[in-house]
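Engineer: Please read through the structure below; I'll follow up with questions.
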Amino acid sequence: MSTGSDAARRARDPRLDFFRGLGMGIILVAHIPWNPWTNWIPARFGFSDAADMFVFCSGMASAIAFGRVFDEHGWWVGALRILHRLWQVYWAHVCVVLVVLAVAIGLDQVLGVDHYVQEELKLGPMLDEPGPHLVGLLTLRFVPNYFDILPMYLIVLGMTPAVMALATRSRALVAAASIALWAGAQAGILGLTADAATGRPWFFNPFAWQLLFFTGFAFARGWIPAPKPNWALLAAALATVILSAPLACQSEFSCYAGFGAIPALGAAHDALGPWISKTQLGPLRYGHFLATAYLAYVAVGEGGRRLTGAIPAALRIIGRQTLAVFLTGLVAAQLLGAMLDVSNRSPFAVLVVNILGQVVLFGAASVVSAFKKPPWIRPNDPGRAVSLARSPAAWAAGLPRP
(Lines of atoms letter the chains of each structure in order from A and count residues from 1; the text may use other names and numbers.)
(Lines give C-alpha, C1' and ligand atoms only; values in the text may rest on other atoms or scores of the structure.)
Protein backbone atom coordinates (compact mmCIF):
# COMPACT_ATOMS: atom_id res chain seq x y z
CA MET A 1 0.00 0.00 0.00
CA SER A 2 1.10 3.56 -0.51
CA THR A 3 2.29 5.42 2.54
CA GLY A 4 1.83 8.80 0.90
CA SER A 5 -0.93 11.10 1.99
CA ASP A 6 -2.34 14.23 0.48
CA ALA A 7 -3.32 15.39 3.95
CA ALA A 8 0.25 15.13 5.18
CA ARG A 9 1.63 17.07 2.24
CA ARG A 10 -0.76 19.97 1.96
CA ALA A 11 -0.23 23.40 3.45
CA ARG A 12 -1.10 23.99 7.08
CA ASP A 13 -4.86 23.91 7.66
CA PRO A 14 -6.11 27.17 9.25
CA ARG A 15 -8.78 25.20 11.11
CA LEU A 16 -6.11 23.21 12.92
CA ASP A 17 -4.28 26.33 14.07
CA PHE A 18 -7.55 27.99 15.09
CA PHE A 19 -8.69 25.13 17.30
CA ARG A 20 -5.25 24.64 18.80
CA GLY A 21 -5.20 28.33 19.67
CA LEU A 22 -8.71 28.14 21.09
CA GLY A 23 -7.68 25.17 23.21
CA MET A 24 -4.70 27.07 24.58
CA GLY A 25 -6.94 29.94 25.62
CA ILE A 26 -9.42 27.67 27.38
CA ILE A 27 -6.64 25.74 29.13
CA LEU A 28 -5.22 28.97 30.50
CA VAL A 29 -8.62 29.95 31.92
CA ALA A 30 -8.87 26.51 33.55
CA HIS A 31 -5.33 26.71 34.96
CA ILE A 32 -5.75 30.05 36.75
CA PRO A 33 -6.40 28.98 40.36
CA TRP A 34 -9.96 29.59 41.55
CA ASN A 35 -10.86 31.51 38.44
CA PRO A 36 -14.62 32.24 38.34
CA TRP A 37 -14.53 32.01 34.55
CA THR A 38 -13.82 28.31 34.94
CA ASN A 39 -17.54 27.93 35.63
CA TRP A 40 -18.22 28.59 31.97
CA ILE A 41 -15.58 26.69 30.02
CA PRO A 42 -16.78 23.81 27.76
CA ALA A 43 -15.77 21.19 30.35
CA ARG A 44 -18.72 22.29 32.49
CA PHE A 45 -21.19 21.42 29.75
CA GLY A 46 -19.84 18.23 28.24
CA PHE A 47 -17.85 15.11 29.02
CA SER A 48 -14.84 16.25 26.97
CA ASP A 49 -12.91 19.49 27.27
CA ALA A 50 -9.99 21.53 25.93
CA ALA A 51 -7.53 18.77 26.84
CA ASP A 52 -9.26 16.47 24.35
CA MET A 53 -9.08 19.22 21.74
CA PHE A 54 -5.38 19.68 22.45
CA VAL A 55 -4.56 15.97 22.12
CA PHE A 56 -6.68 15.41 19.00
CA CYS A 57 -5.22 18.46 17.27
CA SER A 58 -1.72 17.42 18.36
CA GLY A 59 -2.28 14.11 16.61
CA MET A 60 -3.32 15.92 13.43
CA ALA A 61 -0.37 18.31 13.66
CA SER A 62 2.04 15.42 14.21
CA ALA A 63 0.74 13.64 11.13
CA ILE A 64 1.34 16.77 9.07
CA ALA A 65 4.71 17.67 10.59
CA PHE A 66 6.26 14.22 10.92
CA GLY A 67 4.33 12.05 8.48
CA ARG A 68 5.99 13.77 5.52
CA VAL A 69 9.41 12.92 6.95
CA PHE A 70 8.51 9.24 7.11
CA ASP A 71 7.10 9.40 3.57
CA GLU A 72 10.02 11.20 1.95
CA HIS A 73 13.02 9.96 3.93
CA GLY A 74 12.02 6.58 5.29
CA TRP A 75 11.32 5.10 8.70
CA TRP A 76 14.72 5.64 10.32
CA VAL A 77 14.90 9.34 9.54
CA GLY A 78 11.26 9.70 10.59
CA ALA A 79 12.02 8.01 13.90
CA LEU A 80 15.01 10.31 14.35
CA ARG A 81 12.76 13.31 13.77
CA ILE A 82 10.37 12.04 16.44
CA LEU A 83 13.30 11.53 18.82
CA HIS A 84 14.37 15.11 18.24
CA ARG A 85 10.90 16.37 19.16
CA LEU A 86 10.77 14.13 22.23
CA TRP A 87 14.09 15.63 23.36
CA GLN A 88 12.65 19.13 23.05
CA VAL A 89 9.41 18.35 24.88
CA TYR A 90 11.18 16.39 27.63
CA TRP A 91 13.42 19.30 28.57
CA ALA A 92 10.53 21.71 28.23
CA HIS A 93 8.63 19.64 30.80
CA VAL A 94 11.54 19.46 33.24
CA CYS A 95 12.31 23.16 32.96
CA VAL A 96 8.72 24.37 33.31
CA VAL A 97 8.26 22.36 36.52
CA LEU A 98 11.33 24.03 38.01
CA VAL A 99 10.35 27.49 36.78
CA VAL A 100 6.80 27.24 38.15
CA LEU A 101 8.17 25.92 41.45
CA ALA A 102 10.47 28.94 41.65
CA VAL A 103 7.56 31.27 40.85
CA ALA A 104 5.45 29.67 43.59
CA ILE A 105 8.29 30.02 46.11
CA GLY A 106 8.67 33.66 45.11
CA LEU A 107 4.94 34.32 45.52
CA ASP A 108 4.97 32.76 48.99
CA GLN A 109 7.91 34.95 49.97
CA VAL A 110 6.60 38.20 48.50
CA LEU A 111 3.08 37.79 49.88
CA GLY A 112 4.22 36.33 53.20
CA VAL A 113 2.14 33.18 52.93
CA ASP A 114 2.68 29.43 52.83
CA HIS A 115 0.12 28.76 50.14
CA TYR A 116 1.30 28.53 46.54
CA VAL A 117 3.84 25.72 46.88
CA GLN A 118 1.97 23.66 49.45
CA GLU A 119 -1.69 24.24 48.66
CA GLU A 120 -2.02 25.28 45.02
CA LEU A 121 0.67 23.13 43.44
CA LYS A 122 1.23 20.55 46.19
CA LEU A 123 4.96 20.63 45.49
CA GLY A 124 5.99 20.68 49.14
CA PRO A 125 7.50 17.16 48.89
CA MET A 126 9.97 18.44 46.27
CA LEU A 127 11.34 20.88 48.83
CA ASP A 128 11.18 18.42 51.74
CA GLU A 129 12.92 15.59 49.87
CA PRO A 130 14.53 17.14 46.78
CA GLY A 131 16.80 14.21 45.92
CA PRO A 132 14.29 11.45 45.17
CA HIS A 133 11.78 13.87 43.72
CA LEU A 134 14.27 15.42 41.29
CA VAL A 135 15.35 11.96 40.17
CA GLY A 136 11.69 11.04 39.81
CA LEU A 137 11.04 14.21 37.82
CA LEU A 138 13.86 13.41 35.39
CA THR A 139 12.77 9.79 34.96
CA LEU A 140 9.03 10.60 34.77
CA ARG A 141 8.40 8.50 37.87
CA PHE A 142 7.29 11.66 39.65
CA VAL A 143 4.75 13.65 37.62
CA PRO A 144 3.38 16.53 39.71
CA ASN A 145 -0.22 17.61 39.48
CA TYR A 146 -0.70 20.46 37.00
CA PHE A 147 2.22 19.21 34.88
CA ASP A 148 0.70 15.99 33.63
CA ILE A 149 -0.17 16.60 29.97
CA LEU A 150 3.36 16.88 28.53
CA PRO A 151 4.53 13.53 29.99
CA MET A 152 1.47 11.91 28.42
CA TYR A 153 2.31 13.59 25.11
CA LEU A 154 5.88 12.28 25.33
CA ILE A 155 4.73 8.68 25.65
CA VAL A 156 2.07 8.96 22.96
CA LEU A 157 4.30 10.75 20.45
CA GLY A 158 6.94 8.11 21.12
CA MET A 159 4.51 5.50 19.78
CA THR A 160 4.43 7.18 16.36
CA PRO A 161 7.31 5.24 14.75
CA ALA A 162 5.61 1.96 15.71
CA VAL A 163 2.33 3.23 14.27
CA MET A 164 4.00 4.22 11.01
CA ALA A 165 5.66 0.80 10.80
CA LEU A 166 2.32 -0.95 11.34
CA ALA A 167 0.67 1.28 8.75
CA THR A 168 3.02 0.02 6.05
CA ARG A 169 1.45 -3.40 6.56
CA SER A 170 -2.15 -2.55 7.32
CA ARG A 171 -4.11 0.39 8.65
CA ALA A 172 -6.35 -2.14 10.35
CA LEU A 173 -3.34 -3.19 12.44
CA VAL A 174 -2.93 0.41 13.60
CA ALA A 175 -6.57 0.57 14.64
CA ALA A 176 -6.40 -2.81 16.38
CA ALA A 177 -3.25 -1.92 18.31
CA SER A 178 -4.62 1.46 19.39
CA ILE A 179 -7.94 0.00 20.53
CA ALA A 180 -6.15 -2.82 22.36
CA LEU A 181 -4.02 -0.34 24.33
CA TRP A 182 -7.10 1.72 25.15
CA ALA A 183 -8.99 -1.39 26.27
CA GLY A 184 -6.05 -2.40 28.47
CA ALA A 185 -6.22 1.00 30.14
CA GLN A 186 -9.98 0.65 30.70
CA ALA A 187 -9.41 -2.74 32.30
CA GLY A 188 -6.79 -1.33 34.66
CA ILE A 189 -4.02 -3.41 33.12
CA LEU A 190 -2.05 -0.56 31.54
CA GLY A 191 -1.15 2.53 33.51
CA LEU A 192 1.72 4.46 35.08
CA THR A 193 2.38 5.74 38.59
CA ALA A 194 2.87 9.48 39.01
CA ASP A 195 4.02 9.34 42.64
CA ALA A 196 5.40 6.17 44.20
CA ALA A 197 4.95 7.59 47.71
CA THR A 198 1.19 7.86 47.35
CA GLY A 199 0.44 5.46 44.49
CA ARG A 200 -1.20 8.29 42.56
CA PRO A 201 -1.58 7.34 38.87
CA TRP A 202 -0.83 9.56 35.90
CA PHE A 203 -3.77 11.91 35.51
CA PHE A 204 -3.68 11.32 31.73
CA ASN A 205 -3.09 7.61 31.14
CA PRO A 206 -1.08 7.63 27.89
CA PHE A 207 -2.23 4.13 26.97
CA ALA A 208 -5.80 5.45 26.91
CA TRP A 209 -5.20 8.90 25.45
CA GLN A 210 -3.21 7.56 22.51
CA LEU A 211 -6.56 6.54 21.00
CA LEU A 212 -7.60 10.18 20.67
CA PHE A 213 -4.16 11.29 19.49
CA PHE A 214 -4.02 8.66 16.75
CA THR A 215 -7.63 9.33 15.76
CA GLY A 216 -6.53 12.86 14.89
CA PHE A 217 -3.37 11.45 13.32
CA ALA A 218 -5.42 9.09 11.14
CA PHE A 219 -7.76 11.85 9.96
CA ALA A 220 -4.81 14.05 8.97
CA ARG A 221 -3.08 11.19 7.16
CA GLY A 222 -6.24 10.38 5.24
CA TRP A 223 -6.50 6.91 6.79
CA ILE A 224 -9.97 7.88 8.00
CA PRO A 225 -11.95 9.98 5.51
CA ALA A 226 -13.38 13.23 6.82
CA PRO A 227 -17.16 12.83 7.24
CA LYS A 228 -19.29 14.80 4.85
CA PRO A 229 -21.85 17.16 6.37
CA ASN A 230 -25.24 15.46 6.47
CA TRP A 231 -28.37 16.10 8.50
CA ALA A 232 -28.52 12.67 10.16
CA LEU A 233 -24.97 12.86 11.46
CA LEU A 234 -25.44 16.48 12.46
CA ALA A 235 -28.60 15.63 14.42
CA ALA A 236 -26.88 12.71 16.18
CA ALA A 237 -23.90 14.85 17.15
CA LEU A 238 -26.11 17.68 18.37
CA ALA A 239 -28.24 15.29 20.43
CA THR A 240 -25.11 13.81 22.02
CA VAL A 241 -23.83 17.22 23.05
CA ILE A 242 -27.19 18.49 24.35
CA LEU A 243 -28.12 15.35 26.29
CA SER A 244 -24.71 15.09 27.97
CA ALA A 245 -24.68 18.67 29.24
CA PRO A 246 -26.89 18.21 32.33
CA LEU A 247 -24.84 15.21 33.45
CA ALA A 248 -21.44 16.73 32.74
CA CYS A 249 -21.52 19.83 34.91
CA GLN A 250 -21.18 18.05 38.24
CA SER A 251 -17.66 18.54 39.48
CA GLU A 252 -16.75 22.22 39.81
CA PHE A 253 -17.95 25.34 41.55
CA SER A 254 -21.58 26.46 41.28
CA CYS A 255 -22.63 24.07 38.53
CA TYR A 256 -22.58 21.02 40.79
CA ALA A 257 -25.85 19.02 40.64
CA GLY A 258 -27.67 21.49 38.44
CA PHE A 259 -26.51 24.52 40.40
CA GLY A 260 -27.63 22.78 43.60
CA ALA A 261 -31.22 22.37 42.42
CA ILE A 262 -31.15 18.78 41.10
CA PRO A 263 -29.06 16.46 43.34
CA ALA A 264 -30.02 13.47 41.18
CA LEU A 265 -27.79 14.86 38.43
CA GLY A 266 -24.78 14.54 40.70
CA ALA A 267 -25.66 10.93 41.49
CA ALA A 268 -26.09 10.13 37.79
CA HIS A 269 -22.77 11.77 37.02
CA ASP A 270 -21.03 9.67 39.67
CA ALA A 271 -22.65 6.50 38.34
CA LEU A 272 -21.16 7.19 34.91
CA GLY A 273 -17.65 7.46 36.41
CA PRO A 274 -15.68 4.92 34.31
CA TRP A 275 -17.60 5.83 31.16
CA ILE A 276 -16.64 9.50 31.32
CA SER A 277 -13.28 9.16 33.08
CA LYS A 278 -10.74 11.79 32.11
CA THR A 279 -7.79 9.73 33.31
CA GLN A 280 -8.77 6.69 31.24
CA LEU A 281 -10.52 8.52 28.37
CA GLY A 282 -13.83 6.78 29.02
CA PRO A 283 -15.89 5.74 25.99
CA LEU A 284 -18.62 8.35 26.52
CA ARG A 285 -15.96 11.03 26.81
CA TYR A 286 -14.37 9.88 23.56
CA GLY A 287 -17.74 9.79 21.81
CA HIS A 288 -18.69 13.21 23.16
CA PHE A 289 -15.49 14.71 21.81
CA LEU A 290 -16.04 13.22 18.35
CA ALA A 291 -19.57 14.66 18.32
CA THR A 292 -18.29 18.07 19.39
CA ALA A 293 -15.48 17.94 16.84
CA TYR A 294 -17.95 17.13 14.06
CA LEU A 295 -20.17 20.08 15.00
CA ALA A 296 -17.14 22.37 15.04
CA TYR A 297 -15.97 20.95 11.70
CA VAL A 298 -19.33 21.78 10.13
CA ALA A 299 -19.63 25.16 11.85
CA VAL A 300 -16.37 26.62 10.52
CA GLY A 301 -17.19 25.71 6.94
CA GLU A 302 -15.17 24.02 4.24
CA GLY A 303 -11.49 24.86 4.66
CA GLY A 304 -12.38 27.13 7.58
CA ARG A 305 -13.98 29.72 5.30
CA ARG A 306 -16.01 31.15 8.20
CA LEU A 307 -12.92 31.77 10.34
CA THR A 308 -12.57 35.42 9.45
CA GLY A 309 -11.84 38.47 11.56
CA ALA A 310 -9.27 39.54 14.11
CA ILE A 311 -10.01 37.00 16.84
CA PRO A 312 -9.73 33.89 14.62
CA ALA A 313 -6.54 35.36 13.14
CA ALA A 314 -5.07 35.88 16.61
CA LEU A 315 -6.03 32.35 17.65
CA ARG A 316 -4.32 30.94 14.55
CA ILE A 317 -1.12 32.74 15.53
CA ILE A 318 -1.36 31.19 19.00
CA GLY A 319 -2.15 27.79 17.50
CA ARG A 320 1.05 27.74 15.45
CA GLN A 321 3.23 27.92 18.58
CA THR A 322 1.44 25.64 21.00
CA LEU A 323 4.43 24.30 22.93
CA ALA A 324 5.80 27.75 23.72
CA VAL A 325 2.31 29.08 24.44
CA PHE A 326 1.45 26.16 26.70
CA LEU A 327 4.65 26.59 28.72
CA THR A 328 4.01 30.32 28.99
CA GLY A 329 0.48 29.63 30.16
CA LEU A 330 1.62 27.28 32.92
CA VAL A 331 3.81 30.02 34.38
CA ALA A 332 1.42 32.89 33.71
CA ALA A 333 -1.55 31.09 35.28
CA GLN A 334 0.12 31.08 38.69
CA LEU A 335 0.94 34.78 38.51
CA LEU A 336 -2.56 35.60 37.29
CA GLY A 337 -4.03 33.53 40.11
CA ALA A 338 -1.99 35.53 42.61
CA MET A 339 -3.35 38.73 41.06
CA LEU A 340 -6.87 37.43 41.68
CA ASP A 341 -5.92 36.58 45.27
CA VAL A 342 -4.78 40.10 46.08
CA SER A 343 -7.75 41.67 44.26
CA ASN A 344 -10.35 39.61 46.17
CA ARG A 345 -11.69 38.41 42.82
CA SER A 346 -13.92 41.36 42.08
CA PRO A 347 -15.77 41.04 38.75
CA PHE A 348 -13.62 43.77 37.20
CA ALA A 349 -10.40 42.13 38.40
CA VAL A 350 -11.52 38.77 37.04
CA LEU A 351 -12.26 40.34 33.66
CA VAL A 352 -8.91 42.14 33.51
CA VAL A 353 -6.90 39.11 34.62
CA ASN A 354 -8.49 36.77 32.09
CA ILE A 355 -8.10 39.22 29.22
CA LEU A 356 -4.51 39.87 30.28
CA GLY A 357 -3.86 36.15 30.21
CA GLN A 358 -5.03 35.86 26.61
CA VAL A 359 -2.89 38.85 25.65
CA VAL A 360 0.12 37.16 27.25
CA LEU A 361 -0.48 34.02 25.18
CA PHE A 362 -0.78 36.05 21.99
CA GLY A 363 2.38 37.97 22.86
CA ALA A 364 4.33 34.78 23.51
CA ALA A 365 3.18 33.29 20.20
CA SER A 366 4.09 36.46 18.33
CA VAL A 367 7.56 36.61 19.85
CA VAL A 368 8.27 32.96 19.06
CA SER A 369 7.01 33.44 15.50
CA ALA A 370 9.34 36.42 15.10
CA PHE A 371 12.33 34.45 16.39
CA LYS A 372 11.59 31.71 13.87
CA LYS A 373 11.90 34.32 11.08
CA PRO A 374 14.79 36.50 12.27
CA PRO A 375 16.11 39.26 10.00
CA TRP A 376 19.58 37.72 9.75
CA ILE A 377 18.16 34.72 7.89
CA ARG A 378 17.44 35.31 4.22
CA PRO A 379 14.84 32.72 3.21
CA ASN A 380 15.49 33.30 -0.50
CA ASP A 381 19.23 32.68 -0.27
CA PRO A 382 19.68 29.64 -2.58
CA GLY A 383 23.17 28.86 -1.31
CA ARG A 384 22.01 28.61 2.26
CA ALA A 385 19.00 26.51 1.28
CA VAL A 386 21.15 23.96 -0.55
CA SER A 387 23.62 23.81 2.34
CA LEU A 388 20.84 23.18 4.82
CA ALA A 389 19.12 20.61 2.64
CA ARG A 390 22.30 18.53 2.38
CA SER A 391 22.51 18.14 6.14
CA PRO A 392 21.23 14.86 7.65
CA ALA A 393 20.10 16.90 10.62
CA ALA A 394 17.92 18.93 8.27
CA TRP A 395 16.38 15.76 6.87
CA ALA A 396 15.52 14.73 10.43
CA ALA A 397 13.96 18.15 10.96
CA GLY A 398 11.70 17.57 8.00
CA LEU A 399 13.45 19.53 5.25
CA PRO A 400 13.30 17.89 1.81
CA ARG A 401 16.41 16.51 0.19
CA PRO A 402 17.81 18.59 -2.68
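Any Cβ shown, glycine's included, is placed from N, Cα and C.
Those TrEMBL annotations? Automatic predictions, nothing curated.
Pulled these from TrEMBL:
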TRANSMEM  16-33  transmembrane segment
TRANSMEM  53-70  transmembrane segment
TRANSMEM  90-107  transmembrane segment
TRANSMEM  146-166  transmembrane segment
TRANSMEM  173-194  transmembrane segment
TRANSMEM  206-224  transmembrane segment
TRANSMEM  231-248  transmembrane segment
TRANSMEM  284-301  transmembrane segment
TRANSMEM  322-342  transmembrane segment
TRANSMEM  348-371  transmembrane segment
Engineer: For the transmembrane segment (53-70), which recorded stretch in the set 90-107, 146-166, 322-342 gives the largest number of Cβ pairs separated by under 8 Å?
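Structural biologist: Going through each listed stretch, the top one turns out to be 146-166.
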Engineer: Look over the recorded stretches 146-166, 173-194, 206-224, 322-342, 348-371 and say which has the most C-beta pairs under 8 A to the transmembrane segment (284-301).
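Structural biologist: Answer, by Cβ pair count: 206-224.
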Engineer: Can we call the transmembrane segment (322-342) and the transmembrane segment (90-107) in contact, meaning three or more C-beta pairs below 8 angstroms at a sequence separation of 6+?
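Structural biologist: Yes; at least 3 Cβ pairs under 8 Å.
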Engineer: Give the one range among 90-107, 146-166, 173-194 whose Cβ atoms make the most pairs under 8 Å with those of the transmembrane segment (206-224).
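Structural biologist: Checked against 90-107, 146-166, 173-194; highest Cβ contact count belongs to 173-194.
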Engineer: What else in the chain is close to the transmembrane segment (173-194), if you only count residues 6 or more beyond its ends and a Cβ gap under 8 Å?
Structural biologist: 140-144, 148, 155, 162-163, 166-167, 200-203, 205-208, 210-211, 214, 218, 223, 274, 280-283
Engineer: Looking only at residues six or more beyond either end of the transmembrane segment (231-248), which have a C-beta under 8 A from one in the stretch?
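Structural biologist: Same-chain contacts beyond the flanks: 43-47, 258, 262, 265, 268-269, 272, 276, 284, 287-288, 290-292, 294-295, 298.
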